[in-house]
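Have a look at the structure below before the remarks.
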Amino acid sequence: MAFSDLLEQVGSTGRFQVLHVTLLSMPILMMASHNLLQNFVAAVPPHHCQPHANLSMSSTDAVDVLRATVPLGLNGKLERCKRYTTPQWQILSLNTSESLWDESMAETETQSCEDGWFYNMTEMSSTIITEWDLVCDYRALKQMSQTTYMGGVLVGAIVFGGLSDRFGRRVLLLISNLMMAIGGTCVAFSTSFTMFCVFRVCCGMALSGLVLNSFSLIVEWIPTRVRTVVGTGTGYCYTTGQLILAAVAYCIRDWRWLTLAVSLPFYVSFLYSWWFLESARWLVLTKNPEQAVKNLKTVARINGRSAEGDKIDLEMLQESMKKEMACSKGSYSALDLLRTSTMRTITICLSAVWFSTSFAYYGLSMDLQKFGVSIYLIQIIFGAVDIPAKIIVTICMSMLGRRPSQCGALVLAGIMILINLLVPSDLQMLRTSLAVIGKGCLAASFNCCYLYAGELYPTVIRQSGMGWVSMMARFGAMVAPMVLLLGDDYPWIPGFIYGGAPIVSGIFAFFLPETLSQPLPDTIQDIDDRGLARTNSKRLPEKLDLAMKDPSCVLLKESV
């Protein structure tokens, strides 16, 4: 009897699994809120220098004061980061068209905003930008805050991944929920930008812990036949979370209250997480079979199969877990990802795919203001496009194969982003449409690469492989915000990089072997025997893909 048969005995799709998956999915709704929170708490409102402090606004019209103190740029708008050293009252004698640009005024001495900035707060009441004046010389700090957050996600994946295998999924899930709740609360009450960044790093680490342990607990308590459906459902929870963020941000315009609103739900999830049962698989592999038997009997009781649960004993459990226990004794490491030429090709190509997908995805998603429309509306559109994108790529993966779907999604995303560079800025509808298509393609690429990577890596090192490519994705998300700084002098550079990276990685993906209808490899030797050159020409009979075969030695952990 395999463990899957044991799970069927106590009920694999009963009341317990419904409650278990539902409660574990609830925090996923709020994960997108923290990943994309920067779009709203760090939105940059229109701003310009405050007039000289010694000027009396009561005796002079405010518009005239601005004309005399803040120069106009070539676009006819007030300069954001400089003002005249002394008020130029003679400008008021010129008509509007003459004062837009005058050679003599171009040579007038200017200075930085010595008395601070004036912010047009029509869309929000406060952001970290207005709170700490993160504009002009300090504008890079906005991108740095998102980079540090993604750095926390990266560190959390490394830390919580190891701790989870040592101390269990349930304990780490409790810690992650509490860490996210407290970290988010501290972010909301930050008194300095440094404090803000420190606690955002904590939130990033907690998010990784939530992702890793939530998905582990989900897949380890459900049968193989429903993993595809459940995995798709939890993925749509993240998509729904993007829509929730837009709605909450629209209602709460203050960055502190908004941060608090998306953090408080984690206190609730922390409280009900005490109810979760530890994975029976993990308990057996860590030499605690007695507790595993108790948990299985609890599942049987909740599912109304108490009689079947009473039949389970230590001997039956250990017999069902023989294969898992044998696999756990293997001496494999991350170095095995590069052991052979075939493994090196797979690892290098997947690294490029994951890095570029995450890099371009967050590059587009974290710069909503450039589209010139309401950031709340564009957030809803960007979130909604994931729904059809994931459906389409799922169909394509089943009919055309993994490799063409992965290549096509990446190349099409890159083309959409590059074409957008050629569209005039006044054609906002077209620019937004192209960006939405590009973002949808990147979401489809994410959907594809999770399945593709899991099918390419053999069972004995699948967890190490997924951990490595996930780390590359986090690294891409860290770098993405900083690329936006290159657009200060050359606005086309970020778009060129964001568009070029997916196309290049799409070429890398072409060198990956096809896995549609192929059996899951169990060892590195299986990968070498299959061979890159023979992948498309030779298919084995009775083939099973990742969605249908139970990876009993090492369970695939996904991250959103």
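Glycine is no exception: its Cβ is also placed from the backbone N, Cα and C atoms.
The membrane topology recorded in Swiss-Prot places I91 on the same side as R431. The stretches the transmembrane segment (257-277) and the transmembrane segment (346-366) do not meet in space: the count of Cβ pairs below 8 angstroms, excluding pairs fewer than 6 apart in sequence, stays at fewer than three. In terms of DSSP secondary structure, the topological domain 'Extracellular' (250-256) contains 4 helix, 1 strand, 2 coil.
The recorded stretches the transmembrane segment (346-366) and the transmembrane segment (202-222) do not share 3+ CB pairs below 8 A when only pairs 6 or more apart in sequence are counted, and are therefore not in contact.
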